[in-house]
Amino acid sequence: MINHRQEDCDMTSNGVISEENFLQNGEVDIENDEVNGNIGEDEMVSSIDSPSKEIRIVRKAKRFHRQNSGEGQPGNGVLPNIKQNNNKSVILGLKNSRKSRDGLGRGLAKKGGAGGKGTWGAPGDELFEDGSCRDAKDPNYDSDSQDEYVVDSVEPEMTQEEFMKVVEPVLLEYFEHGDTFEVEQTLRDHVGVKEKRAKVLELAVNLALDRKATQREMTSVLISDLYGKFLLQKDISLGFDDMLNNLADLTIDAPDAPQIMGQFIARAVADDCLAPKFISSYKGKVECPHKQSALDKAELLLSRKHGIVRLDNIWGTGGGIRPVKFLIKQMVLLLKELLSSGDIPEATRCLQDLEVPHFHHELVYEATVMILEDSTERAAHRMCDLLKSLAQSVIITPEQMAQGFRRVFDSMPDICLDVPNAYSLLDRFVTMCHREKVVSSDVFQELPQRGRKRFVSEGDGGRIKPQVLS
């Protein structure tokens, strides 16, 4: 009698396993080569081939348990623990597996992400895309354009608008600070300006035509300092050639342009930036009268006795180059003219012509001292109106205004020697300026007060102190 366990047997509903069920369930592990303890393997196979015979088979069920580590599952590289019989071994689910057989895989996309239909290619391929097609079967293929590549460095050419946008602010800023080295470095840093060096000189001279002698002197100094570093002699010659050819148009806006142009040419020759033959090369070839006038002016300045030395001051001495005594004298004259005429716009124009914004505190000082010496109400009102106009238009800055009044405050002991009532006059004038918002509150609080002398009768009741005899 054979004992059977229900959970360890794999049987049909009637307890008999057929050939069909046997093949579907796979190879059966036959332990100890026995069926029911009496039948061997050969007899079992012969019994299966004969459908008329039914055989009861006892075996242990093989169950594969899924684990978290994936061990023993198909496709993870670890084969299940299946015994083999003498005929064949069957490993289901592993033959056509697409998964990596090492259990981990490379962790990379197929073909580095560059293969397959509808893919964008490997990351970074777009950086090396040159836009050309080298595949002969591609519809965009062009055999004429598949030559060898030639790589060359090319500097982009600046347009006239870009040139003006870059260079003009640099030159206008130079008229404020006067640093030629900074101009040179700025022009070198901009790509494309090097190809238009002659235009730099032309623009600098054009800007100086509309300005005063101080800016013209600065332009001549700039040309001299840039020569050999940024400008070449051919660039300077080409720049003056272009300006002489356009001199007729420049004369419309600046009637004295031919004379100024002749002075610039003569100064460039004196500074060894331009060859003397530049002027002689035009003889007999000039038809424009303005152009001829400029060349005649330059030749006249160079032919004078000691002309080269005199050309160093061809634009005169302006701005801070002039002596301090000369500037003080000019300021006193315009203040006296204001007291007599009361013309504030004319006084403002004369002050601006001096071109010394750093010395405007001297005007405030001289105006205040003049009020103290005049000691009239009319003079005080006119000076207050002038200072108010200059302060509102910011021709005199608040710092220069405060510095001028503080200089007066410090000089009051000396002024009192000539004007005994100077403290009271100063108090009245400064109060008037403070009311008109010419003087700030900080400066007004610094207004000095004259100390009163103490008399003998004060605090003594008129009694004279007795003298103690020794």
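Cβ coordinates are placed from backbone N, Cα and C, and glycine is handled just like the others.
Record features, source TrEMBL:
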type     : residues : note
COMPBIAS : 110-121  : compositional bias 'Gly residues'
COMPBIAS : 131-140  : compositional bias 'Basic and acidic residues'
DOMAIN   : 162-284  : domain 'MI'
DOMAIN   : 326-449  : domain 'MI'
REGION   : 65-84    : region 'Disordered'
REGION   : 96-147   : region 'Disordered'
Residue counts (helix, strand, coil, in that order) that DSSP gives for the domain 'MI' (162-284): 94 helix, 2 strand, 27 coil
DSSP helix/strand/coil residue counts for the domain 'MI' (326-449): 99 helix, 0 strand, 25 coil
Model confidence over the domain 'MI' (326-449), averaged pLDDT: 92
